[in-house]
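One structure is given here, and the rest of the page talks about it.
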């Protein structure tokens, strides 16, 4: 009898997995929007791939990867350089991450193409977007298994450059999301201050603005201490000083009277968030510098108070501080993409999302859905986000997390993972592009007065 009930329960779950998004989380969030549930499940698929990639980096799994046809040969891992290399066993884990992230990127890229120009849930492809989750999971598993049998050849080298471009774009997306979050935060607390006629909300905004600026200045000081030397590391000094100068200029521009008249919602809170994120990206760039004196994160062996990198003894730092912070920000921004649409028109236009639906209409649908015990379809008249662009963001997220987990190391000709200046310049250029993007949001209403930037 128990077995019979268990079988019935499994069949019920299987039918739910083959059904639409409202069925998936009907018991957890019965009045959720169909669009939100679908995005959360796709994001769960991405996080599942991230979890598998992290597991692939563990030493126990690496020993099992020797049984696959693309592993390192015995004795093939003798490096020719003495800086920034990883041993053959670690390389296995990194190459496994490349293949796992290739699978997730290919999966979401397939849906990027499939979901082009879907306008409403009446489109037959919307049923694929919001249902058939069991079959989607099987497709992802199939692509993953196939990816692990791709002949090595030049795959890792070529895929590295795909990761560089994708990660560059995702860094910019993260900045857009942070700016939007800061704008929404600023508007919410200013509205509370006017509504309650209380200075506590102003004090809160002032406190966090000072906190973010203090953390940024502290980051600058720590980068000068740990990533520069008095007689060398000139590139690092230039990067830190230049980005600090640009952030100060950006902060001044944010409070200029003309900018305030054109953009009343701009202020130092948003500028402080952008400055803190810029310092974070600068930190990421300096952690990729392929010079031992200028980068304490390179794999080294300590011996007799000297730094020695040789084939017989060194330490591989899988989870250094930049990787951990980068992973946390990645998770938060990816969830942010999945959970909400912006209240800011320009952000919605850029991220291909719509403004939040009217509360009255949403409430009526939620009450009806709650009575029926299911989530409701809120896209019959039009989609609330671009299906295709959402999947493209997950493609970029897959590439970004691949570069984060592998510390931006490039597969070398000797089958070693090496640090390169490519990663440094990509991150620095991403920080400059982000600053220019934020500066454009400040001055665009002044340069284009005939356009609506409200």
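Numbers here mean position along the shown chain, with the first residue as 1.
Each Cβ is built from the backbone N, Cα and C atoms, and glycine gets one as well.
Summarising the annotation, TrEMBL assigns signal peptide to 1-19.
The transmembrane segment feature in TrEMBL is assigned to 36-56 (among others).
The transmembrane segment feature in TrEMBL is assigned to 97-118 (among others).
The transmembrane segment annotation in TrEMBL covers 130-150 (among others).
Sequence annotations record features per position, and here TrEMBL assigns transmembrane segment to 156-179 (among others).
Taken from TrEMBL, the feature transmembrane segment applies to 200-226 (among others).
Listed by sequence, the residues of this chain that lie at least six past the ends of the transmembrane segment (238-256) yet keep a Cβ under 8 A from its Cβ atoms are 216, 220, 223-224, 227-228, 266-268, 270-272, 274-275, 278-279, 282, 285-286, 428, 431-432, 435, 438-439, 442-443. For 238-256 (among others), the entry in TrEMBL reads transmembrane segment.
Among the features that TrEMBL reports, transmembrane segment is placed at 268-286 (among others).
Sequence annotations record features per position, and here TrEMBL assigns transmembrane segment to 321-339 (among others).
Here TrEMBL flags 384-403 (among others) as transmembrane segment.
Positions annotated as transmembrane segment by TrEMBL: 423-448 (among others).
Within the same chain, the transmembrane segment (156-179) stays apart from the transmembrane segment (200-226): fewer than three Cβ pairs sit under 8 Å, each pair at least 6 residues apart. The stretch with the most CB contacts under 8 Å to the transmembrane segment (384-403), chosen from 36-56, 97-118, 200-226, 268-286, 321-339, is 97-118. Cβ atoms under 8 Å from those of the transmembrane segment (97-118) belong to residues 42, 45-46, 49, 52-53, 56-57, 125-126, 128-129, 139-140, 143-144, 146-148, 150, 155-156, 159-160, 162-163, 166, 383, 387-389, 391-392, 394-395, 398-399, 401-402, 405-406 of the same chain, restricted to positions at least 6 beyond its ends. Comparison of 36-56, 200-226, 423-448 by number of C-beta pairs under 8 angstroms to the transmembrane segment (321-339) places 36-56 first.
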